[in-house]
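Some notes on the structure that comes next.
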Amino acid sequence: MTTDTIVAQATAPGRGGVGIIRISGDKATDVAMAVLGHLPKPRYADYCDFKNASGQVIDQGIALFFKGPNSFTGEDVLELQGHGGQIVLDMLIKRVLEVEGIRIAKPGEFSEQAFMNDKLDLTQAEAIADLIDATSEQAAKSALQSLQGEFSKEVHELVDQVTHLRLYVEAAIDFPDEEVDFLSDGKIANALYKIIDKLSAVQASAKQGSIIREGMKVVIAGRPNAGKSSLLNALAGKESAIVTEIAGTTRDVLREHIHLDGMPLHIIDTAGLRDTTDTVEQIGIERAWNEINSADRVLFMVDGTTTDAVDPHDIWPDFINRLPANLGVTVVRNKADLTGENLAMTEEKGYSVYRISAKTGLGVEELKQHLKSLMGYKSNLEGGFIARRRHLEALDVAASHLQLGKEQLEIYLAGELLAEELRMAQLALSEITGRFTSDDLLGKIFSSFCIGK
């Protein structure tokens, strides 16, 4: 861990009402004496002059001193809050750098110091960046939940439960009770099942939190002239795609990024899927399948005037059979204004079926509500946390090891192998909060922060 004293502008570059310079480290007191002529009383606002080396006043403003470890970084911290002109702030930083042992902070280094000094865990540190980068009110609320430790609490509880069970298994192996077969008495199995259930619940919440942060990717797919581009326009609320009666008008991927009541949604319109000898259209269809394979959800667009079927396996079995196994599909029967179909949503063999008219807007609002529900709109209003892709990956790894441990217990009664799977699950979960995390990962995470944070 670095012992350098660092300085950076904590407010956005440019012109503003207030500009803040932040200093953290052992030399913060030296900076105070050099620039202010005195050390402010800790945690009190001190209005004073900010002076250069010749004693001339650079600016006037508020100085705040926080004595470590009772500060954001856990070190001595000095904040100089002056006027928000960039020239003035640059002069002030230049003056601070004249004090021996001070350097410019790297992106995210203040938060990194807070993490290294146990003021924050890694999920809380990441939540700071997510709160700053939030693109919707819901994302900001969820990031704040993570910053306040909601996600960390869930992960710590899982780590504690896995660790406790692992220690119990290892102790039972080392000190066996000859009268009781601890692997088959049900206690370990019950404890393991409870952990797996809790992890599954956390995974579901984290997936919703990831959607809040990164958005849900929804691909509109189907045969040519089914109304895919019209639906894109209806969902986006503007004419993003060209719509004609000519089949195959859309030949490339079109993207729109919208928010549904604060929930980010990435809508992808694709070329109509069919056999064709047209080289350009073939490229568009190949790109369409690439988008489908990486989607969170597919809206299977069906021209309602061509078939009465509602089961996608009856409508186009080859298309459904080619989709990734775990990809969710919503069937959208279009042109209800022509077919006269009831707009009510129905469930058909596990698939949600919506009847709409993308041209007139009939049923589109109900489809939007469906997409909001898929993104966990209600649960996130009630207070969900935000999550990143690396969190989901770590949870998946932990779940995989717990399932392998379950097999070792149920099939082979292999205590040593169960203990090893529990250890691996513990390590995967601990990576989320940063207890066991490589320096490379830490560098990647904090380098994405803004300077001064």
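A Cβ is built for glycine as well, from the same backbone N, Cα and C atoms used for every other residue.
A quick note: this is a predicted structure, and the numbers were derived from the prediction, not measured.
Now, the feature entries from Swiss-Prot:
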| type | residues | note |
| --- | --- | --- |
| BINDING | R22, E79, K119, K453 | (6S)-5-formyl-5,6,7,8-tetrahydrofolate binding site |
| BINDING | 225-230, 244-250, 269-272, 334-337 | GTP binding site |
| BINDING | N225, T244, I246, T249 | K(+) binding site |
| BINDING | S229, T250 | Mg(2+) binding site |
| DOMAIN | 215-376 | domain 'TrmE-type G' |
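Recorded features from Swiss-Prot, shown on the structure.
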{"residue": "R22", "record": "(6S)-5-formyl-5,6,7,8-tetrahydrofolate binding site", "DSSP (3 states)": "strand"}
{"residue": "E79", "record": "(6S)-5-formyl-5,6,7,8-tetrahydrofolate binding site", "DSSP (3 states)": "strand"}
{"residue": "K119", "record": "(6S)-5-formyl-5,6,7,8-tetrahydrofolate binding site", "DSSP (3 states)": "coil"}
{"residue": "N225", "record": "GTP binding site", "DSSP (3 states)": "coil"}
{"residue": "A271", "record": "GTP binding site", "DSSP (3 states)": "coil"}
{"residue": "K335", "record": "GTP binding site", "DSSP (3 states)": "coil"}
Legend entry - Cβ neighbours of E79 ((6S)-5-formyl-5,6,7,8-tetrahydrofolate binding site) where a neighbour is any other Cβ within 10 Å: 21
Inset, instruction - Report, in whole Å, the straight Cα-to-Cα distance of K119 ((6S)-5-formyl-5,6,7,8-tetrahydrofolate binding site) from K228 (GTP binding site). - result: 50
Inset, instruction - Let me know the model's mean pLDDT on the domain 'TrmE-type G' (215-376). - result: 88
Inset, instruction - Return the residue, from the listed binding-site residues N225, S229, with the maximum count of other C-beta atoms within 10 angstroms of its C-beta. - result: S229
Legend entry - Residue among the binding-site residues R22, K119, K228, K335 whose Cβ has the most other Cβ atoms within 10 Å: K228
Legend entry - Spatial separation of S229 (Mg(2+) binding site) from A271 (GTP binding site) - C-alpha basis, Å: 9
Legend entry - Cα proximity to K119 ((6S)-5-formyl-5,6,7,8-tetrahydrofolate binding site), best match among binding-site residues N225, S229, K335: S229
Inset, instruction - Work out how many Å separate N225 (GTP binding site) and E79 ((6S)-5-formyl-5,6,7,8-tetrahydrofolate binding site) at their Cα atoms, rounded off. - result: 61
Inset, instruction - Give me the Cα-Cα distance between R22 ((6S)-5-formyl-5,6,7,8-tetrahydrofolate binding site) and S229 (Mg(2+) binding site), rounded to a whole Å. - result: 50
Inset, instruction - Take the C-alpha atoms of K335 (GTP binding site) and S229 (Mg(2+) binding site) and report the distance between them in angstrom, rounded. - result: 13
